[in-house]
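Working notes, beginning with the structure itself.
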Amino acid sequence: MVHINLTRLAHDCELHMSEQEVDQIERRHARLDKSTDSILLMTPIFSIVSFAFSITLLAAIIYALLGRKIPSRKYCIIISRTLADIFSSVLIAAASLFANSYSASYMVLALFLYICTFGVIQLTSSHIAVIILRQISVTRPYGFQSICSIRRLSLIVGFTWILSIMYSAAYTPMTTVIVDASKEDRVCPFHSCQRPLIITAIIIVVVSMFTVLGSYAIVIAKMAQIAHSEKMHNEPELTRKRMHKFFKFGGHLALYTLIVSLIFVGSLFILHNAEDYHQVNRMIAINCDVYDYLNIKLRLETIAGGAVLLWCVRIIFDVVIAFLSEIRLLPWLRLDNLQTLDSSRVVSVRHGLGWQKGCVNCPVFNIENRLHPLDFKN
């Protein structure tokens, strides 16, 4: 694709057009300018708001972790996701603030590509990690602490970042063409490079969405099976309570499914319009098809800009859902006032024989140790 000077092209083609065609082109160009102005106005606002929400959530998580109010293992992964959201918000805000009316279309297309690659992979990896963490805590409760150590979770978080960065880096040639379309033939031709990359991104988006939903359904089914077994054996129904709490995490997945589904649909439209754009752009200097060029460019800009705004909305609502599903993140709530961690709820577990020192008129060995609910918070 080649950047086109519309003013010069319209002047050169004006002799070959009727007054009605020139009028249609002027109206379409005015509509494109209006769309561009809206994107340049709304994108920084939404990204700055999402940045503020993400910073607030990060501060609340750190404060709650220092107060031992929330599970450190689960929120180690959520901190990683929040940092990725902060990075995305900063990138979107910076790109939109430095863009102008000429570069806005290419800016939103580059951001759309970033969301389809780094954003989707990072968010998908985070959700899958949380789901696997819950699966291990249910099926291997006694080995959870050793299996899901902080060191191993840190390695998993690092792997998700490396995977996201490497996957998005594979689209660098396409990003280069979006920013500087004059390098298309040398860097990334449409049929041999751009089109396969777009199709690959669409497939990865679909596979990611179904992997997350399938993993969540499998874990819920396993928890329901264990909860039923506990009920049949007259055991404490701890798994059922965990399952009800895990349903709250489904709010994040519902939002994820909605946004990723819309991104998938937008990617299909982007693929179709990119093919049309490539064909029209090649022949526009010959047949002066300026009207179709403006139409396609308007559609591409609208779809990409809408996806970028949706991603900022997703960040905002993810923060809201996090606070609604975990009230312990609220800093003004004291741990003593939370029913789920009431100090009077003490669980006795067998820990083996232990020698009791300094004890008068009591058994020589102690078979049971009393544990606080905080010991089970992970």
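Backbone N, Cα and C atoms are what each Cβ position is placed from, and that goes for glycine too.
The domain 'G-protein coupled receptors family 1 profile' annotation in TrEMBL covers 55-248. The transmembrane segment annotation in TrEMBL covers 39-66, 78-99, 111-133, 153-178, 198-221, 249-271, 303-324.
Most Cβ pairs under 8 A with the transmembrane segment (39-66) among the ranges 78-99, 111-133, 198-221, 249-271, 303-324 are made by 78-99. Sequence-distant neighbours of the transmembrane segment (153-178) (same chain, 6+ residues past either end, Cβ-Cβ under 8 Å): 1, 73, 76-77, 80, 84, 106, 109-110, 113-114, 117-118, 121-122, 125-126, 129, 184, 187-188, 193-194, 197-198, 201, 204. Scored by C-beta pairs under 8 angstroms, the transmembrane segment (78-99) has its highest count with 111-133, from the stretches 111-133, 249-271, 303-324. Outside the transmembrane segment (303-324), and at least 6 residues removed from its termini, the chain residues within Cβ reach (under 8 Å) are 35, 38-39, 42-43, 46-47, 49-50, 53-54, 56-57, 60, 78, 81, 85, 88-89, 92, 105, 108-109, 111-112, 115, 119, 248, 251-252, 255-256, 259, 262-263, 266, 269-270, 273, 330.
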